[in-house]
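Quick look at what Swiss-Prot lists:
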{"type": "DOMAIN", "residues": "50-209", "note": "domain 'SIS'"}
{"type": "BINDING", "residues": "Asn65, Gly66, Gly67, Glu78, Asn109, Asp110, Ser135, Thr136, Ser137, Ser140, Gln188", "note": "substrate binding site"}
{"type": "BINDING", "residues": "His74, Glu78, Gln188, His196", "note": "Zn(2+) binding site"}
Amino acid sequence: MTRQCNCSEGSCGSGRYEELVLERMLYSARLKETVARRDSDVIAAMATMIAETFRNGGKVLLCGNGGSAADAQHLAAELTIRYRSSVNRPALPAIALSTDTSALTAGANDLGFDEVFSRLTEAYGRPGDLLLGLSTSGNSPNVLKALQTARKLGLKTLALLGGDGGTIRPHADLAVVVPHTGSADRTQECHIAIGHVIVELVESMMGYA
């Protein structure tokens, strides 16, 4: 239903705001289409690596900052609980490293914020596990150090990034880089869409869907 503006001469600016809505949402859709057409094989390969990790008794660690921390927690919850209510399956072990405020603040205070995720990766990660790092810039120092630590410990590494992939990209076994710069929002929208597809694929690959 189209709602008409009742103000005189459209002085509320609703037309301008409607144009902004259209512009933002269409750009977001085009960005997702670009990533889907370019990286569908990489996204499927990421899901395969995660499914193999679970089949072999490993767990998935996830990390990111700000909105990316929220995305990491979001995806960890869908792996641990389930993605869709129509799927009945066992819990899958996934841990978002941004959820323990005591550990995060102790690490930031004692070691520095750049070290918080690497320290938790050292604590929880074991050979055969997998770390997924999220960074809209591709340059988050604490995510970078977590992936470096993960590799040293024998974990597989995945990354969802933005821009040109930044300093993190070379440290991921597989990475999807969203070609957007200047703000985190559109990149995060792509990351969560990719994450949802990955979780759906993992459930299917493991025979649950």
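Just so you know, the numbers here start at 1 and follow the chain as drawn.
From the backbone N, Cα and C atoms, a Cβ is placed for every residue, glycine too.
The average per-residue pLDDT of the prediction over the domain 'SIS' (50-209) is 98, rounded to a whole number. Annotation for the binding-site residues Asn109, Ser135, Gln188: lowest Cβ count within 10 Å of the residue's own Cβ, Asn109.
In the three-state DSSP scheme, Glu78 (Zn(2+) binding site) falls into the helix class. Closest to Gly67 (substrate binding site) in space, going by CA atoms and restricting to the binding-site residues His74, Glu78, His196, is His74.
The binding-site residues recorded for this entry are His74, Glu78, His196, and the Cα of His74 lies nearest to that of Asn109 (substrate binding site). Take the CB of Ser137 (substrate binding site) and look out to 10 A: across all protein chains shown you find 19 other CB atoms. Secondary structure at Ser135 (substrate binding site), as computed by DSSP, is strand. Between Ser135 (substrate binding site) and His196 (Zn(2+) binding site), the C-alpha separation comes to 17 Å. With a cut-off of 8 Å between CB atoms and residues at least 6 apart in sequence, the same chain places Ile192, Gly195 near His74 (Zn(2+) binding site), listed in sequence order. Residues near Asn65 (substrate binding site) in space but far in sequence (CB under 8 A, at least 6 apart, same chain), listed by position: Ser98, Ser135, Ser140, Asn142, Val143. Here the C-alpha separation of His196 (Zn(2+) binding site) and Ser137 (substrate binding site) works out to 21 Å. Applying an 8 A CB threshold to same-chain residues 6+ apart, the list for Glu78 (Zn(2+) binding site) reads Gly195, His196, Val199.
There are 17 other CB atoms within 10 A of the CB of Gly67 (substrate binding site), with all protein chains counted.
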